[in-house]
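Report on the structure given below.
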Amino acid sequence: MAYKDWQHPYVNIFKYVRVEEWKRSAKEGDVSAYTDKTLKCPVFRIRGPVPANSYILLPKNSSQSLGLTGRFFYLLFRPTPGKYFVVHLDVAAGEGQVIRISFSNMFKEFKSTATWLQFPFLCGAAKDSVYENTAKSARRGLVGPAPTSVRWTCLMLDLQLTLSDYLSRSYSHLKNIKLCANMTVKNMFTSDLLLDPGVSFSQAKLMGLTSSQGTGAIPREMSFPVPKGGSWHDLYDYIRFPSEGTKLPFDSIQKGSPQSERRSTPSLSKPVQDRVSLIHQITSPKLLSRNNTPVVASIPELGVVSTHQNDLLASSGSHKLASRPPSEADDGGVHVYVHAEEGLSKHGEESEDEFVCTPVPRPVGLSLSREAKQQKLLPDPILRLNRIIGFGGATFKCALWSKSGDEVVYPCHAIIVSMKISSNQQRFFIGHTDKVSALAFNGNTTLLASAQTGNNSVVRVWNYNKANCVAMFRTHAHSLSCLSFSYGGGILCGVGKDKHNKTMVVVWNTLNVSKGGEVSILAKTHTDVDIHTMKVAFFDDTRMVSCGLGNIRLWRVRNGTLRSCPVNLDEYQTLDFTDVAFEEGNSDEQHLDDRTLYASTRSGHIFEIDYSSVVIKNVRRLLPAQMQHADRREKWTFNTGPGIAINSISVSSSFCATGSEDGFLRLWPFDFSTVFLEAEHEGPVSMALISFDSLRVLAATSTGNLGFLDVSSRGYNTLMRSHTDTVLGFSVDGIHRHLTTASSDGTVRIWNMDSLHQLYDFVSEDSPCSVAFHPGEQIFSCGFSSGMVRVFAISSAKLLADHKQHRGEVVGLAFSPDGEFMYSADSQGSLALYNSSEEEHSVIKVVCNVVARGTERAPDALTVSSDSRCLAFVGPSEYTVTIADARTLDELLHVDVSILDVESPRLDSALKVCFPPASTKHLLVATSGNKILWVCTKTGRLLRELSKVHKHHCSSLAVSDDGRFLLTAGHNAVKVWDYNMQLDTNSQMFIGHSHPIRQLSFTPDQLGVVSVGDAIFLWDFLANPVNSSAHSCSPFKISYASAPKLDAEVDDIQLSNGMPRKTAPLPSSPPPRLDISGIDRVGHRDLGSLSSCGDTSAKTIPTATAPETGSGLSSDPRPAVSFLKVTDLINGSPLNSSYMDTSELKQKKPVRPDCYKHFIPRFKTSSLDQSVVAPDAQEEGIKLKAVIGYNGNGRGNMVWSPDQGLFAYSCGCVVVVEDLHTGSQRHLQGHREEISCLAVTNDAQTIASAGGTNSSRSLISIWDVQSGTCRHSVSYHSGAVQCLAFSRDDRFFLSVGDFSDPEVALWSTRNFQMLSSVRVSGPIHDAAFSPSAASQMACVGTDGVYFCFIQTQGQDADLQVQRVNTPAEVGDVELTALCYYMDDFLFTGTNQGHVCTWDVRTQRCLMTWEADEGEIGVLLCRGNRLLTGSNTRWLRLWEVEAVQSLKAEEKGRGVEDSGTAVVLEQEIMLDGATVSASFDNTMDMGIVGTTAGTLWYINWSDNSNIRLVSGHKTKVNDVAFSFDESHFATCSEDGSVRVWSTSSYELVVQFQVLNQACDCVCWSPFSSADSTYVAGGYSDGTVRIFRLASTEMEMKLHPHHVAISAIQYSANGHVILSAGKNGLVAVSSPVNGATIRVIKDHKGAMITTIQCVNEQCKNFGLEGNDLWLATSADRRVSVWTADWMKDKCNLLDWLSFPAPAHFTGDSLPPSMASFCPADHSLVVYTGYGVEKELSFYSLTKKQIIKKISLPHWATCISLSSKSHLVAVGSHERVLKLIKSTSGRFQDFLQHSDSLQTCQFSPSGTLLFSVAYNEILLWEVRGL
């Protein structure tokens, strides 16, 4: 069970820590146990004159943690009379901080710090005692020693609310507890349930209090005894904190007043008082005046409302469901409505006792009394469900043919849909309250059975033709996975799980169900066998057949019992059987001997079984097409090679159909000799079903697609595509009738609203969260969770704009109605304004900290008025709504919604805002108090209020264009309201969604409504068109044509309730200015365009053999800018009908699993020049001296052997072996691609490394540690290598391919020849050998855990693999990490934070717990301690000794059942997700690597951590040496400037600027320690100067409005020259920060290089002592002379280099120039031109005097001050060292990507080269 689930419903803390043993708890001072006479049970007494000296501490060690996650903490205690006591609770907040909560009767007042809350405790007394009477009248002096009559008390602390209210922090878990004298304690417990100690279990049952509702009675072992006939509250005290209402003194813990609670008088809490007092509305708590008492004007009589043909029977007073026969027609869906009792201004509209009304079969004529004829919203119903876009939900394996073959029935979450395949017309079966998990038809498809999943599992039987439910009955299973009807419909069989998670089979008698008869259980049984599928035999209602993991069984019902017999499978008993099917034939006379049963498996086997003799007749296996001999070592046989996993099989009279995991639907003859028809899908085919006439085959995929193959025409037709996860938001293009949706499945899809066809499919690794259509053009924008906002043109399939203005998830995205502007808001509070009249949608302004933080207001956090003048949103706080100018984002009005209702005891926060289209004078605000407020946009006054809108918070709202109707969504329901609230019944409610609705809106034509959540619901809006004459005559209707009269009309008429109106708070004038940061409209580089591909749905291939896999999609790596894949389905040609979507399937490309554990090589656009030859080691002109950094993108790419002192890690394509004592490095060089992982032998003499990409075979190198030489190299895996491992005896070596090639290869370490390999169906994330048995190993991945056994025969070995599914308790997760524990146990981690414990021998999961909130990527076990590392940055150490007590047969028992518990000993948060870890045998110290590029030394014993190796995580933009070469500086895209020591390569200091990139860095020319400065140029146009001595920023300059591309101190340090990307060069003073001059000669072209040298310029005929140059991207170089002290700067020369024409958007090499160090009159230039070359230009001769040809375009150059050496880097990853005098050169290939920077040291003895974040330091020897 999960780590949190075992704590449900409560945790007995004393029992949990076994307090009586004092092993995991501690006591100090006078602590004793005795039996209390009142409670009649043992208790602990803590006594002592000083409370701090006598206590009980849990747990014993302060470094450990209880890890209790329950929200409510219950303490059962009695303060000692006349004494003081203290209680300390240490609570961990969600941010990782530990906060102490203390309460005591010693504290006189409430005190609060950031880490400590102190509450006074007010002791109560016995009922009617003198102390109690005194306490009632006293207002002060209540705190003090406990009275003599103090009673036993049950104290409940809401830890979550306490942290939220007082510190604005989220609650994580309870770490430890300290109970100090003087008190008596019975026990403590935590729970997520709000329990009432005064209610017994029997009372709770009668009252309907259940744990599913979050409440109940207190556990018996925690209860206080109550005599028969007595009252609990007369004997004991119950205290809840925080409590509602006011307590005196404020913020104290004390018993509440029962009388006041029963009166339910609203009183103000302290936070509300403080806020209201600001506007002088009230100053102290007080009771409401008598005038505020609600007055009931009249009581409506009961009656019947009949409005249309499908009349609704309802009671306006009792709210009970009327008893009536089932409905025979339901064309509008089920909807709910209630009658209102309301005033005119404050609408307490909807009673929460809502009831469901279903249409009756015929009109009902009943006489109505006059009193009962109330006005209600018409027409009724006003919405009708038209169509649903979606398929699946709980399962993708349910879809059925109707008998006629013209309709397909399938589930869509909680609704069953029947669709006509010719017209896509849908019918709906509505009634389930949770996702439908199983469907079944009887033989003639007149009866349909359906089951829903979840604990409230029910089965419904429907009359299919009439679409009405004829029977509903509960099952004894908490979930049903399979249903099967007998052919005649008299028997229904179901398979599910009971509450103990044991498989249960139930058979029902449904013979008379169509006649209104009851359904009874014929037989029921529990079984230990696994059942995937169970079907009733069509020839005998009493016979069934089932299949599952390792079994096929035949069942029979006889004499009320259900018995089964297994099929003897012999050697196939380990196979996983997925489906069974009988051969076709309905003749009852046919003998059983003629019946053949077909069964399919995940390994590709198809069994033919003789039903009568229960024996296997034939076994066939489906294997993929053989690869070429060069790619394989041996031919596949029947028992070797990867079979095609078959998920479904269907048999007709003429052929058999299979649906398989490889995405193919195949049609076979009965001998399976050849495939005569197949269709390839985008995902695994989860179901295949042949129609009754055998003309069509239905196919469903696990990716949410549903379609059918027409056998005669060989055409494929897609019926439905769907999102596979929650739909987060949508937008409608009313002109083209397109609908775009964003989903949690990572896709953005565009649909045709008429045909329901999917037109485009945009796929991204970044999660989309909000979308918006442009009001007039075929353009839509999409916001992502990373903060990106992208704009797409649909017609051209082009990416128009790509903006990264946000740091958090985009929660709001909107266009102005006139189409001029676009707006976006994020979860971190920023708001951006864009110019949408331009194609690039340039940014106009970004405003920070104005929108309320958080994601709960997504996806429609912004609303724009219909005149495009105003923008409204919730912010800056959740209590405030801001109205801003839509063109400038200047604030116009603040409205504080928390103080609009002064009678409320709680603060009300705003959730949603909406401008009604018909008026700009209103703003609708939905609040957390389930209200909707009408606010005047001019004054901020409250105009109208609607309360009790939904049972849950309103998640979305919209207003019709004519202003007559309001739409709201709350949880799973949609409500339509009369906008003016003038009817007796103002709303109608509609259900259908099974999950909360995320967004809803009217369609632009106002004829429909769209709501999204679990699926996409399209409703018909049936309201009558507005009648202008009648509309204007209504005295209560707001006249939108007369806008100036609005406020007066609302005040005089709609707000009139016979009572004086309270004064509404006025906004402050003028409103405070927002913190606005202006951003210039800078040009964004073209990021490429989207490709519009052909249809990828399915293709049919007539063939005689299995076809070769085609290359439907490009196999090239995805470009850096092409984050989306576009699937264009609009041009698909129809086959049989204009309504059919006919298309072709393309090849399915492997999809990376959604877990960080899986290694993905960093994307590179460069490619290695294979013709380059590296020099011999003895002749190298430069030698690699040091590697700076660690590759945090690797996985398991660090090894440490503490006994042998080996420490190695990878950076790029180099393995670094470092001496931890001296810091010296050795380098293992030979890889040409990024290294993914490392492994070391147990004797630490051999290291294995793997490097490669998805486009080439990976290279695995075996290194000798002592000599540093490569002993062996093997290349096998076609993609990257996910992990490597050596066996315990170092005999075997294991390598695992990544998701593109999920294959496990076993090698011999003697000669590194491959012994065996096994290919699995899904990606593998981790693998490990058993520490005790060299022949055992295990792997984990997407499909579960693989237990492997190595069977050796001489020198040969074979891998035997058994896959086991993930435990059902942890849900749908992926196993991401593993490690062995002792000999018998295996720990595995999941991507949801669970750790599962497995018995290796029985291959069963014994227990699970939730060790983290994120994905666990690293597991490591030493002794009895387990280390977990995750992507939440937490590193945790667990004590797991108790796991040894688990027995294999205890399957299914929870942690609390077995008494087994793991203990969290220590935890630490690092700077990134954990990717590698290695510890000593005692787990006391180790080394951990993170994605931030850091290697940490961890010491658990003293709880310390030290950075061993650190590097840049993002791209390094520049590197520079100090003039004395003692230090060097680097800068990167993450905004950091880091200074390193040249001698030790260690990081000295880091200067970090958030949310900016640092593009260039330079050193001041002064060398003294106190006067050394580092200057950086940033993307926001600023220059920051840092002083090395003080490690602080000395000055910030802002000379540019665009990003700075180059920076340099002048030769004497008097000025700083900086250049922007717009070509302007600024000369600034480092003394006062002033900009001295701006040079505009290069304007319009980005400056790439600035260099300054000290040179007497009189040699050139000009004045000055500084010579400097600037190079721009347009191949121009300007050379200048300067005397900065005299403010002189003159142009010496202007160079322009020719180049051939190029296309716009081509990626050109940079233009670069540099002075020759030996002769400053020579300028060396390279860039795009006619030839690839270095040009040497003489400033004195004014001509090029020498050229050196280059094989590649240069990306960086550097000139050495000695030996005439030039270093040149290229896109081909080559670092070239050139002797400029002779042209001699050498090539070096130590980088895994293109070089962007190289830099010689001032002395020329050292050289830096940089590729992305790989920094290599070379020692220069010379050529």
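Cβ atoms here come from the backbone N, Cα and C positions, even for glycine.
Within the domain 'CFA20' (1-121), the DSSP-based counts of helix, strand and coil residues read 14 helix, 57 strand, 50 coil. Annotation source TrEMBL lists domain 'CFA20' at 1-121 (among others).
The domain 'CFA20' annotation in TrEMBL covers 133-194 (among others).
Annotation source TrEMBL lists region 'Disordered' at 250-273 (among others).
Annotation comment: TrEMBL describes 254-270 (among others) as compositional bias 'Polar residues'.
Non-local neighbours of the repeat 'WD' (720-761) in the same chain are 387, 389-392, 410, 412, 419, 424, 702-707, 767-773, 776, 778, 780, 782, 794, 797, 858-860, 995, 998-999, 1001, 1003-1005, 1010, 1012-1016, 1018, 1097, 1124-1130, 1132, 1139, 1141; each lies 6+ residues outside the stretch with a CB under 8 Å from one of its CB atoms. Taken from TrEMBL, the feature repeat 'WD' covers 720-761 (among others).
Per TrEMBL, domain 'WDR90/POC16 second beta-propeller' is recorded for 731-1020.
Across the repeat 'WD' (803-844), the prediction's mean pLDDT works out to 93. Residues or ranges marked as repeat 'WD' by TrEMBL: 803-844 (among others).
Residues or ranges marked as region 'Disordered' by TrEMBL: 1090-1117 (among others).
The annotation compositional bias 'Polar residues' is assigned in TrEMBL to 1090-1114 (among others).
What TrEMBL records for 1224-1446 is domain 'EML-like first beta-propeller'.
Annotation comment: TrEMBL describes 1509-1550 (among others) as repeat 'WD'. Under 8 Å from some Cβ of the repeat 'WD' (1509-1550) lie the Cβ atoms of residues 1186, 1188-1190, 1192, 1209, 1211, 1218, 1223, 1225, 1472, 1491-1495, 1556-1563, 1565-1567, 1572, 1574, 1576, 1578, 1584, 1586, 1588, 1591, 1796-1797, 1799, 1801-1803, 1805-1806, 1808, 1810, 1812-1813, 1815, 1817, all in the same chain and six or more residues away from its ends.
As annotated by TrEMBL, domain 'WDR90 4th beta-propeller' applies to 1515-1821.
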Per DSSP, what is the residue tally for the repeat 'WD' (720-761) in helix, strand and coil?
0 helix, 24 strand, 18 coil
For the repeat 'WD' (1509-1550), DSSP counts of helix, strand and coil?
0 helix, 24 strand, 18 coil
